[in-house]
């Protein structure tokens, strides 16, 4: 039940007409808070993400936004490594973080607060639940390495009883408050589909080698550092990871040895570069992508497969190029680690089980130099025909997102709110 506050001036107002079977409820309707409906948006177009990101970015630069994004993703990787979360929990938390800041400005929140709330929601979605105090204990060990060094715990965890009780309680309440906002951004839809099983299945279907599938798995992991999981469904993320890994393994490199029945990386990259039967077999056609948003915003002169490969590959290569540039620059000096590099206090030591660390935190994950990646991007651009290259998205309001342009923000609504799992306009909407 909900408490209804009576307005003393309500008697002087004209009653708002409503459709009701009872006559006495007409006068009461003017006192009730308005009701609204919010639809779950499983995927966005790149134009919509650019529009929403620019809206929430404010006066901050895109470079600063990307720096904070990578800091949050690395923080989530570190928390997941210390707690021992499975990959699906970490990847979902990163996607929830990206989705959250499509609706809320980064300047209003500390990235570690949002990241902790995101991983807390992710643990509920994947049944790997941890209490907020447990997550806070791990986060303090990461954020305050001096306190972790003084800890008597073998893993370096901090005992919350030794911390300021007021600070811990405030952080816990902040985590729970942001958790509520994250739940509203997903309309309380706890369904999460991961690309990792599809990497294995599609790799077998396309006859990829074991080394190729292993690299595709790693590419699928790092895709969650970008907004790609908000644009493409999980099986398309898996297919794009196989395509990008084929490019990385075949560009300016000798052919890898293959077994009988396996397809070489250069042949597989060429196969995925042309619209053949793989679109039907892998269910990665344009019309099979979740939501009609792709059909509304895809240029008429751009084939679906070309637009998909171009956007996916270049987005990931930009991330990889940023990572390699920072890695090679940091190897020549003693400056602190960059946001996308592993945390320095997570380096494997004799006193710590190195199996508790993820591969990215134990060794350089991609043996590529920045100049090689730049040449690959140039070669891809040269091979892309002008007729199928998508134009830059226009900076305009998205017609399907009128509810995001209203003055009512998520988390600040009054009255009754219905959260629907289906996007707006799907299945005639739920009455």
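Every residue number used here counts from 1 along the chain in the order it is shown.
Just so it is clear, glycine is given a Cβ too, placed from its N, Cα and C backbone atoms.
TrEMBL labels come from automatic prediction, so no person has curated them.
From a predicted model like this one, the values you see are computed outputs, not experimental measurements.
Among the ranges 288-327, 328-367, the one that TrEMBL lists as region 'Disordered' is 328-367. The DSSP breakdown of the domain 'Cyclin-like' (74-184) into helical (H, G, I), extended (E, B) and coil residues amounts to 83 helix, 0 strand, 28 coil. Confidence in the domain 'Cyclin-like' (74-184), given as mean pLDDT, stands at 91.
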